[in-house]
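Visitor: Please read through the structure below; I'll follow up with questions.
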Amino acid sequence: MSGDNSSSLTPGFFILNGVPGLEATHIWISLPFCFMYIIAVVGNCGLICLISHEEALHRPMYYFLALLSFTDVTLCTTMVPNMLCIFWFNLKEIDFNACLAQMFFVHMLTGMESGVLMLMALDRYVAICYPLRYATILTNPVIAKAGLATFLRNVMLIIPFTLLTKRLPYCRGNFIPHTYCDHMSVAKVSCGNFKVNAIYGLMVALLIGVFDICCISVSYTMILQAVMSLSSADARHKAFSTCTSHMCSIVITYVAAFFTFFTHRFVGHNIPNHIHIIVANLYLLLPPTMNPIVYGVKTKQIQEGVIKFLLGDKVSFTYDK
């Protein structure tokens with residue numbers, strides 16, 4: 001087997017084949033992915049710079065947005081440059097340990113994105129249900145601790161992915177029909193029993209997804225009750241409009257995630273493998289691409305921040321929570 005050493009069934013490297021069955025069209029497939037990646041990097045880095053530069057945006061909501069942007073740009077950067085090397089230069093080899101590292105960061109950052117969306121829902125809950133205590137509840141230390149706790153949660157849950165994958169013997173070859181090192185795609189290359197990998201992967205996906213979605217659902221239930229109790233229609237519209245960008249991000253992220261998750265596990269045999277691979281890439285690229293667009297279009301404070309950033313002190317705005 002290519003990549004074997006004499007004393008172990010662990011390969012020295014894997015071969016990422018890209019999109020199986022569509023090798024002849026790799027160049028054309030790469031174009032929309034490259035375009036989306038550029039938008040994601042420019043948009044999210046722009047948001048981070050804007051929030052760090054504009055003192056008026058130094059509020060909990062925008063700190064969480066900056067954390068989401070950092071997570072998004074890091075997530076797509078872990079897989080898109082390598083994918084483009086496969087598509088453009090036919091550089092398909094990836095070192096075994098590099099593959100495990102990519103696997104860890106892809107899954108950890110995916111969980112991190114879900115966790116940050118959950119924190120943003122809690123932020124909106126505090127802002128709308130406890131507006132007078134908003135600044136005293138969500139202080140900078142609290143925000144930092146919440147972000148750190150979310151990060152550590154995902155690190156601790158995803159580390160076993162690499163350990164479980166590393167223990168498997170690889171005697172069937174080292175060719176992976178994918179554009180990046182996904183946990184189960186790598187495990188299925190092995191000639192060992194990867195049932196533990198499958199069970200643990202399902203458990204982690206459900207644990208992170210169910211917990212975060214429950215927190216988001218409870219937060220928005222309380223928000224809806226608080227908004228509906230307001231006497232003024234204008235006040236209800238103003239309060240709920242602060243949540244629209246976040247709700248759009250939730251829909252984009254979780255619809256893509258659940259589509260990938262359920263089609264892969266329950267109707268996978270009825271869907272061609274190349275469709276799975278393309279959807280898996282879109283699942284990782286679509287939220288980072290769309291989030292800065294959604295927040296730029298839907299959030300008045302971001303629009304005003306961009307204008308002020310470009311024009312300097314010539315204009316001034318009043319920012320709400």
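Cβ from N, Cα, C; glycine included.
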Visitor: On the question of membrane sidedness, does Swiss-Prot assign L163 and F261 the same topological domain?
Guide: yes
Visitor: Tell me which range among 79-99, 142-162 Swiss-Prot lists as transmembrane segment.
Guide: 142-162
Visitor: Could you check if the transmembrane segment (240-260) is in contact with the transmembrane segment (102-122), meaning 3+ Cβ pairs under 8 Å among residue pairs at least 6 apart in sequence?
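Guide: Answer yes, regions in contact.
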Visitor: Find, for the listed disulfide-bonded residues C99, C191, the residue with the lowest Cβ contact count at a 10 Å cut-off, counting only other Cβ atoms.
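Guide: The disulfide-bonded residues C99, C191 were compared, and C191 has the fewest Cβ atoms within 10 Å.
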Visitor: Tally Cβ pairs under 8 Å between the transmembrane segment (142-162) and each listed stretch (28-48, 57-77, 102-122, 199-219, 277-297), then give the stretch with the top tally.
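Guide: Per the Cβ under 8 Å count, 102-122.
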Visitor: Find the member of 28-48, 199-219, 277-297 that has more C-beta pairs under 8 Å to the transmembrane segment (102-122) than any other listed stretch.
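Guide: By Cβ pairs under 8 Å, 199-219 leads among 28-48, 199-219, 277-297.
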Visitor: Taking DSSP states H, G and I as helix and E and B as strand, how many residues of the topological domain 'Cytoplasmic' (49-56) are helix, strand and coil?
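Guide: For the topological domain 'Cytoplasmic' (49-56), the helix, strand and coil counts are 7 helix, 0 strand, 1 coil.
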Visitor: Please work out the helix, strand and coil residue numbers for the topological domain 'Extracellular' (78-101) from the DSSP assignment.
Guide: 18 helix, 3 strand, 3 coil
